[in-house]
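*Asks:* Pulled these from TrEMBL:
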| type | residues | note |
| --- | --- | --- |
| DOMAIN | 53-127 | domain 'PA' |
| REGION | 492-546 | region 'Disordered' |
| SIGNAL | 1-19 | signal peptide |
| TRANSMEM | 150-171 | transmembrane segment |
| TRANSMEM | 200-221 | transmembrane segment |
| TRANSMEM | 227-248 | transmembrane segment |
| TRANSMEM | 272-291 | transmembrane segment |
| TRANSMEM | 297-314 | transmembrane segment |
| TRANSMEM | 326-346 | transmembrane segment |
| TRANSMEM | 421-444 | transmembrane segment |
| TRANSMEM | 450-468 | transmembrane segment |
Amino acid sequence: MRHAIVLIWGALLAEQVLGEYGMAHFSNKAKAKGKDYCIFFNSQWARLPQDLKKASRLQIHDLTASIAMVLRGNCTFYEKVRLAQTNGARGLLIVSKDRLTPPAGNRTQYEEIDIPVALLSYADMLDISRKFGMGGNVAMYAPNEPVLDYNMVIIFLMAVGTVAVGSYWAGSRDIKKRYMKHKRDDSGEKQDEETLDVTPIMICVFVVMCCSMLVLLYFFYDQLVYMIIGIFCLAASIGLYSCLCPLVRRIPFGKCRIPVNNLPYCHKRPQVRMMALSVFCVGVSLTWGVFRNEDQWAWVLQDALGIAFCLYMLKTIRLPTFKACTLLLVVLFVYDVFFVFITPLFTSHGESIMVEVAAGPSDSSTQEKLPMVLKVPRLNSSPLALCDRPFSLLGFGDILVPGLLVAYCHRFDIVMHSSRIYFVACTIAYGIGLLITFVALALMQMGQPALLYLVPCTLLTCLATALWRRELPMFWTGSGFAKEVPQPSGMALDCTKDTEQSNEDPVIDCTKTPEESSPVICTDPEDSDDTSRSSDRLCQNTRAAH
């Protein structure tokens, strides 16, 4: 596998033209302070100084001893730069109305040309004309950028925290449902949240849908982006409601029900506090939807909604066996690597489909971004912040896919009474894999498929733990879940028989013996929602006092 990855990277590096971001500092005598603009250049033509103080300030209106600025047109980069160099220019700025791509050439052309050539956006050219006219000076330079940004720490904490909390919650909730079947008399307030067991067929269908949707977004981004934003708003509000619901149930007021009505989803008269929670969650989601492009603060709402969505998915979707976990992670591993590293060989400009869709195409007419990522603005100050995308991103899939494996590990820990060793080991492995992803991102300076590092770290760690504990057959097939587990201490018993209860689940009889005449009284507490979500009725075996 390692040799295959090396060959893939080598092929990509052989085919791609390396481009670098730089700065063009424009100024004139009338204005003491100039302004930097983003440029995209190819250092194989000529290198730029790293410091503005070492860059020559040249005029842009005359070719002789100057930096020429021309429109992109139809002729090649080489023809433009050769003509500029022949006429005595010291550099060439090519104004492009399309996306900025590295000015390419061949080895012979690189050896012939010794002046720098860079691309400048058409919008920046118009701004330069308004502010400096055509008689200003320009100095091109390429400042160093920090290898790592401090925002990686925030992304790391959010991702690992979401995986740990969501997996712990999913495991605890799933095991509790093995003993208790939730049947609420107050069914209008909260229906039981069903768990979805993932099958191999579902995994294959899911991957095909992911591939199709990603390709459609690449070709029809502007037409589909608003649909994705709408779906995210709906899913995020549901996830936020699911996460806040246990907290709201502990509030001692707002238990009265709304009046009788025929409104959708309200005809069963839910409690006022739950209605208020629903309105709040929808309001938060709509607030983000309206102000989603406010870079100063909207990213906080997006991350909060995204974390809530991931927690909801982790406790709703259940992988029943380690075999299913392995199938899902391996298939998505191939999917992630293909769309990041292989697709640049087939796209017109050599860009990765995954990176292009996740970050938003630079030539998009809507300039909208997909919300299915955690995003944190860059915290290091650098002039190149004008060029590079100002946010660091981590996709939800890089949290959910390994998180489903961690949740399986926690459920297995509880069943096998293994002191949560699988859960802790897999969570630590996820954190290590994420750190390796950040290191690869810093070294390669290009978007990384996080699953390339997360999948081997988590799968191999779980496999090694199961081998060490000699539990691999049970861990692989999930057969440990078929064992009868002792009733946890302190958990209330359910004296009502669930009609959907499986044959394996024991039926608990609250009566002491069939012959005893002591009555069994099942009483509802004042509000069972406030005391325990795992039991709707308490059983009291009463006897006459002697």
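From the backbone N, Cα and C atoms, a Cβ is placed for every residue, glycine too.
Just so you know, TrEMBL annotations are computer predictions that nobody has curated.
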*Asks:* For the transmembrane segment (297-314) and the transmembrane segment (326-346), decide whether they are in contact, meaning at least 3 CB pairs lie under 8 A, counting pairs 6 or more apart in sequence.
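*Replies:* These two stretches do not touch.
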*Asks:* Quick one: find which recorded stretch in 150-171, 227-248, 272-291, 326-346 has the most Cβ pairs under 8 Å with the transmembrane segment (421-444).
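*Replies:* The stretch with the most contacts is 150-171.
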*Asks:* Could you please provide the mean pLDDT value for the domain 'PA' (53-127)?
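*Replies:* Result for the domain 'PA' (53-127): average pLDDT 76.
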*Asks:* Using a Cβ distance cut-off of under 8 Å, indicate which of 200-221, 227-248, 450-468 has the most pairs with the transmembrane segment (326-346).
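*Replies:* Stretch with the highest Cβ contact count: 450-468.
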*Asks:* With Cβ-Cβ distances below 8 Å as the criterion, list the same-chain residues six or more beyond the ends of the transmembrane segment (450-468) that contact it, or say none.
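*Replies:* That would be 5, 322, 325-326, 329-330, 332-333, 336-337, 340, 394-395, 397-398, 401-402, 405-406, 409, 421-422, 425-426, 428-430, 432-434, 436-437, 440, 475-476.
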*Asks:* List, by number or range, the same-chain residues at least 6 past the transmembrane segment (200-221) whose CB is under 8 A from its CB atoms?
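*Replies:* Long-range Cβ neighbours of the transmembrane segment (200-221): 228, 324, 327-328, 331-332, 335, 339, 353-354, 356-357, 360-361, 364, 366, 370.
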